[in-house]
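**Q** Annotation source TrEMBL lists domain 'GTP cyclohydrolase I' at 24-201. What TrEMBL records for Cys93, His96, Cys166 is Zn(2+) binding site.
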Amino acid sequence: MQRTSCRREGVVDEVSDVVDLPRIEAAVREILLAIGENPEREGLKQTPARVARAYAEAFKGLHEEPADLLGTTFDIGHQELVLVRDVAFYSMCEHHLVPFYGKAHVGYIPAEEGKVTGLSKLARLVDIFAKRPQVQEQLTTQIADALMEHLQPEGVIVVIESEHLCMSMRGVSKPGAKTVTSAVRGALRNAATRAEAMSLILRN
């Protein structure tokens, strides 16, 4: 795949060529005009280009596939719960295009043959889906379903807790309010197994 480089604060970022940076810049300029701002004033001259680069990074998950990430597994005979807690993420609410952010807890019970993936892959899977226009409920479900599809484990649990700026800075204006969602699949639907997983997630 071809890449186009864009410079941000001296760092060259690689951005997929499917992202139309000039089109984003033009749209941001129009937004500035529409709200009554002057996109030519000193503080805003580079804003459209900065926003374009930021959006390319914020939404890069649209151009990444879970199958590519989870294609490599290891048969190590481990058949107990594997859990990665407190995976920090940032995403963009698809309703208002403002951020929501928080932590994801991702766990699974490997299938009988003990097929596992690298721990870092679980954190990267969260990012693949978080870096898209999202709602939290869908984000939670997508992570769980991707693990079920590509690892074929006995069970999966995903719990996400986050703060939504669309609730904090507009509308009801309730900063600090947390939203918690969960998705449970397979053997982790069993009450005792789910309780064990939740006790590990909630442990200080």
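Note: Cβ is positioned from N, Cα and C throughout, glycine not excepted.
Could you tell me the structural context for the features on the list?
**A** Cys166 (Zn(2+) binding site) counts 16 other C-beta atoms within 10 Å of its own C-beta, drawing on all protein chains shown. Cys166 (Zn(2+) binding site) falls within a helical segment according to DSSP.
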**Q** When a 10 Å sphere is centred on the Cβ of Cys93 (Zn(2+) binding site), how many other Cβ atoms does it contain?
**A** 17
**Q** Where does Cys93 (Zn(2+) binding site) sit by DSSP, helix, strand or coil?
**A** strand
**Q** If one looks at the chain holding His96 (Zn(2+) binding site), which residues at least 6 apart in sequence have a CB under 8 angstroms from its CB?
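**A** Listed in sequence order: Cys166, Arg170.
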